[in-house]
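First the structure, in the form of structure tokens, and then the observations on it.
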Amino acid sequence: SDSLSFSFINFDKDERNVIAQGDARLVGNNILQLTRTDSNGSPVKSTVGRILYVAQVRLWEKSTNRVANFQSQFSFFLESPLSNPADGIAFFIAPPDTAIPSGSAGGLLGLFSPKTAQNESANQVLAVEFDTFYAQNSNTWDPNYPHIGIDVNSIKSAKTVRWERREGVTLNVLVTYNPSTRTIDVVATYPDGQRYDLSVVVDVTTVLPEWVRVGFSAASGEQFQTHNLESWSFTSTLLYTAQKENN
């Protein structure tokens, strides 16, 4: 179909419209927990989990030169007893058969394999990451402060903005893609009005196949936190775009 729309006001325990990968669990209390916790509900080391929406999304259509205009709206919160919790959560778009890469816990956020994490030609993933890990000897590809980043086929973000991680506070996020300007826009807000904006120009037809799946990924390494998804709505519609110039 030319358009797709779905909405989770919250997540039921028996939710059948999501595919869970790795340590992701529907824990009841209307929350989808992406990384593992112990029997007390406390976060643990070395965990990675993802969820995907069950239906595939038509991102673009070569035969008609149409590209999807999409928007993804979601909210999440993070909790940890540590002062430098890790690693983060990401909304991502990938080929329909996408699976958790081996060795992708920790700073690779469940999205990239260690060998090819910065090799753009080896990857097919578009992601918006909320990265909480920072240390002086931090991941070499990251700024040394918590940040929001837009990732295009690489764990090294195309663009980042400094972000304040707030313990247990819900962040509301809107990610939109406009095919006529080829721009991904991210707006993230806390309940008190603190706002973060980020945008990148990217032609999705050069990054991803025509059919994709959309979802979320999160991971922890040596440092840890819970990654709790509270709500998610998504809508996409194929639109006619101007013919690409043949350079």
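The backbone N, Cα and C atoms fix where each Cβ goes, glycine too.
Looking at Asn40, Asn119, Swiss-Prot tags one of them with N-linked glycosylation site, and that residue is Asn119. By the criterion of other Cβ atoms within 10 Å of the residue's own Cβ, the least surrounded of the binding-site residues Asp87, Glu129, Asp131, Asp142, Glu222 is Glu222.
Among the binding-site residues listed (Asp87, Asn139, Gly221, Glu222, Gln223), Asp87 has its Cα nearest to the Cα of Asp131 (Mn(2+) binding site). With Phe133 (Ca(2+) binding site) as the anchor, the candidate recorded positions are Asp87, Gly107, Asn119, His147, Gln223, and the one with the nearest CA is Asp87. The Cβ neighbour count for Asn119 (N-linked glycosylation site), using a 10 Å radius over every protein chain in view, is 12.
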